[in-house]
C-alpha cells in the first residue's frame, strides 16, 4: 500500500521503504528533497539546519531522528543518550517540516553489520583517537540515509566539523549525487556552542563551559601573529580553568590536514567538564608576520598534542 502524505503537515514515518516511496513521489512532482539528519534532543542548532533547508526554493524537508548505535564506542552509554521524540516532533511541526523519519535500529540494520563504510585515515585523528569506531558508524548511517531519502542536499552543522569534513570526503569518494551543506555553529548568548550534551551540565559547569568558545575567540584574535600565537592564546584561556580536562587543541587547514603557515584554518578543541565532553571550533585566517618562526615552526607547533 502506498504510504500517505499530506502536504503542509508533519508526516511521520518509521519504515525506510515508506520514506523512499514518498521522497520519490515528491521528486517526480518537482519538489526538491532536503535531508537534515539528527539523533533527536533537538535544539536551536538543529532548527538552524531546518531553516536553511526550508529556504531552498521548492524544498520539502526530511528530518531524520535516529540514535545510531554504530557510532557509540565502548564505554559510551547508548541508553543514556537523551530521547525526547514527542518534544522533537512538536518542534518540527512548529517549523513547518513535512517529513520526520524515525526508524528503529532493527529497521535501519535488518541484517546487522553485514556491510559498513570504512572511513579514511582522518577517522583515527581528533575525535577518532579515543573513539576508533565512531566515524565508521557515522558514515555508514549517513550513507544509508542518503540511499533511503535520495535528497538533493543534506545539511550538517559546523560544530561537529570533523564529521562534516568526513561526510564530504565520503560523498566525493563514493560519487554520491548530493550537495553537502555546512551551516555555521549556533551559539548561546554567551558564546557556548549549542549541543544536546549541554543539558548534562550543572549550573557551575554551564558557567565554565563558555571557556571553550572564549579560548577559540582568543586564538582567532591572535591569528594575525601566526598559527603558534593563535594556539598559545587559546591555550592560555583553557589553562586558566583547572576544572577543564582538555583532550586536544589543534590547528588544522580547512580539510583537517596540516595547519597552514598562512591562510584559512580551523582551530578545534575538545574538553571535558565532569562527565560531559564538549566540542567547538572556529575558522580563522592565519598570517605570518615578518621575523617570526616561519611556516615549518608554526606547522610543527600546530600539530603538537595537548599536554596537561
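Using the three backbone atoms N, Cα and C, a Cβ is placed for every residue, glycine included.
In sequence order, 36, 38, 63, 157 make up the list of same-chain residues 6 or more apart from residue 46 (active site, proton donor) whose Cβ falls under 8 Å from its Cβ. Here Swiss-Prot flags 46 as active site, proton donor, drawing on sequence analysis.
For 39-46, 157-160, 186, 194-197, the entry in Swiss-Prot reads ATP binding site, with the evidence type sequence analysis. Classification of residue 45 (ATP binding site) by DSSP places it within a helix. Counting only residues at least six positions away in the same chain, the Cβ atoms of 157, 159, 185, 186, 193, 194, 195 sit under 8 Å from the Cβ of residue 45 (ATP binding site).
When secondary structure is read from DSSP and collapsed to three states, residue 163 ((R)-pantoate binding site) falls in the helix class. Summarising the environment of residue 163 ((R)-pantoate binding site), the number of other Cβ atoms within 10 Å of its Cβ, over all protein chains shown, is 20. Annotated (R)-pantoate binding site per Swiss-Prot: 71, 163, in sequence order.
The beta-alanine binding site annotation in Swiss-Prot covers 71. Other Cβ atoms within 10 Å of the Cβ of residue 71 ((R)-pantoate binding site), summed over all protein chains shown, number 21.
Positions annotated as region 'Disordered' by Swiss-Prot: 286-308.
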Most Cβ neighbours inside 10 Å, all chains, among the binding-site residues 39, 42, 186: 42
Rounded to the nearest Å - Cα separation of residue 163 ((R)-pantoate binding site) and residue 39 (ATP binding site): 14
DSSP state at residue 196 (ATP binding site), helix/strand/coil: helix
Integer Cα-Cα distance in angstrom, residue 158 (ATP binding site) to residue 71 ((R)-pantoate binding site): 18
Where residue 158 (ATP binding site) sits in the secondary structure, as DSSP reduces it to three classes: coil
Nearest recorded site to residue 71 ((R)-pantoate binding site) by CA-CA distance, among binding-site residues 39, 42, 196: 39
Spatial neighbours of residue 196 (ATP binding site) that are distant in sequence (at least 6 apart) but have CB under 8 A: 39, 40, 41, 43, 82
